[in-house]
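These notes concern the structure reproduced below.
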2 protein chains.
Amino acid sequence: MRTAFYISDGTAITSEVFGHALLSNFPIQFKHKTIPFVETEEEAYKVLEKISESFQDSGQRPLVFYTIVNVDVRKIISRSVGINYNFLDQFVAPLEKVLGVSSKPEKHRTHSIHETTYDIRIEAVNYALANDDGSNIKEYKQADIILVGVSRSGKTPTSLYLALQYGIKAANYPFTEEDMGDMLKLPPALRQYKEKLFGLTIHPERLHQIRSERRANSKYASLQQCRMELREVENLYRREKIPFLNSTKYSVEEISAKILAETGLQRRKY
Amino acid sequence: MRTAFYISDGTAITSEVFGHALLSNFPIQFKHKTIPFVETEEEAYKVLEKISESFQDSGQRPLVFYTIVNVDVRKIISRSVGINYNFLDQFVAPLEKVLGVSSKPEKHRTHSIHETTYDIRIEAVNYALANDDGSNIKEYKQADIILVGVSRSGKTPTSLYLALQYGIKAANYPFTEEDMGDMLKLPPALRQYKEKLFGLTIHPERLHQIRSERRANSKYASLQQCRMELREVENLYRREKIPFLNSTKYSVEEISAKILAETGLQRRKY
């Protein structure tokens, strides 16, 4: 199997994202190998050896995706026996022309701490944890968004992703059977923040499957119960005009991106 | 201010990461605008209008970073008045030659659900939450890694990032004053999983600042207390040969990438 290397003097996240996106166009399996924080010439030579070994072992030239600010380190990596993609640099010179400004590459600028955004993200993570699962209704005033839905419809991972990636304070509130009664109504604690609500729903069969992994053969996990709860929340969303989406076929990244697009919520970190 | 647009028929995460990395080479402020899930020609024409408006408002041609699988939608976006970077596509044809395989672009392949990794990530997030803050010592057997350190040294956000990004099950255990006594020793619950431990530390002044925001003027937040706790944990790490890093100047992304690089821990999701 051919290996794809992702190399950087930073986290190598940019190389990974670019390389994965490019390789996802091909119906082939690759072996992936990330080597971050290659900051010295000595380390760069070790990387060259790894690339050579991979070539010898597999008989296929590795693909090497790299972004490296340090000129000496970059020169060494660019001599690897792999097929080298210094994919960012070729855009820098044309962009200098467009902008009329010289580039000033700085190491660790992309995925490192930015003073103004660091605290915001950590604060948002703490907020999401403190306001997970309807645990802290009195802090809803500070919420940027309140995710609602039945148990196991994707609220918690989405809240955490919104916090970590975007610095958004997301609370989440689970509608439980007790909320349902004859007909699910919006609890008073939520009604006063109605403009912050965003609903999640999910296919009953998928919910049944997820809940069964937690509590097999329970009423909680039964398909009948899942169907009833989802019917109630979807009716509520429609009746109260709460925007919502069905999370069944979407990743946490997709759900989060869709929520931002639909609500116009501004991220605090780019 | 010039606007940078990030456009895709998927999440636009790839466009964002590439565009941000490229623009971070320039000492200029940009306005950022992400438009994900542009899936129809009608939506594409609306995007063209937004790009035109931005040009008219600012007098500066916007930068447009896009990855679009749908050919008709892509053609429309490529006619925008902005400076267009269809940055992935130009690598596809040369890579087809190298691989000897035709590309088969599929929408939403990069940041969408992959059956095999979805459950792994959600399970890892649930694990991190259940094993946050030393709350569930009996599940340490399932941990891929156990982060240790004093309160507020970065354990929880790192555990959650490792789970969400890499599907890694990270527990975390806080050393408290009660653990310290005359000298901090490794609690028995941790000793049996010593090979899974990874320590975090932080500069005393930074810890003092973070704790002061939580409990101003407390003993917990005092610089003296922070110094004492950090001295104890760092002595423990050295004595027990627990790998550790100082999180003060690093982002969650950097801490996580360094932990993976140092421990050789394998991610479950790429």
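Each residue, glycine too, has its Cβ placed from N, Cα and C.
No curator has checked TrEMBL annotations; they are predicted automatically.
Among the features that TrEMBL reports, ADP binding site is placed at A:Gly149, A:Val150, A:Ser151, A:Arg152, A:Ser153, A:Gly154, A:Lys155, A:Thr156. In the three-state DSSP scheme, A:Lys155 (ADP binding site) falls into the helix class. Taking a C-beta cut-off of under 8 angstroms and a sequence separation of 6 or more, A:Lys155 (ADP binding site) has the following same-chain neighbours: A:Asp133, A:Leu147, A:Val148, A:Gly149, A:Asn172, A:Tyr173, A:Pro174, A:Leu200.
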Using the recorded ADP site (A:Gly149, A:Val150, A:Ser151, A:Arg152, A:Ser153, A:Gly154, A:Lys155, A:Thr156) as reference, state which further residues of the same chain have their Cβ within 8 Å of the centre of those residues' Cβ atoms, listed in sequence order.
A:Asn172, A:Pro174, A:Leu200, A:Ile202
Chain B proximity: which binding-site residues among A:Val150, A:Ser153, A:Thr156 have CB distances under 8 Å? Answer 'none' if there are none.
A:Thr156
Could you check the binding-site residues A:Ser153, A:Thr156 and say which one's CB has the most other CB atoms within 10 Å?
A:Ser153
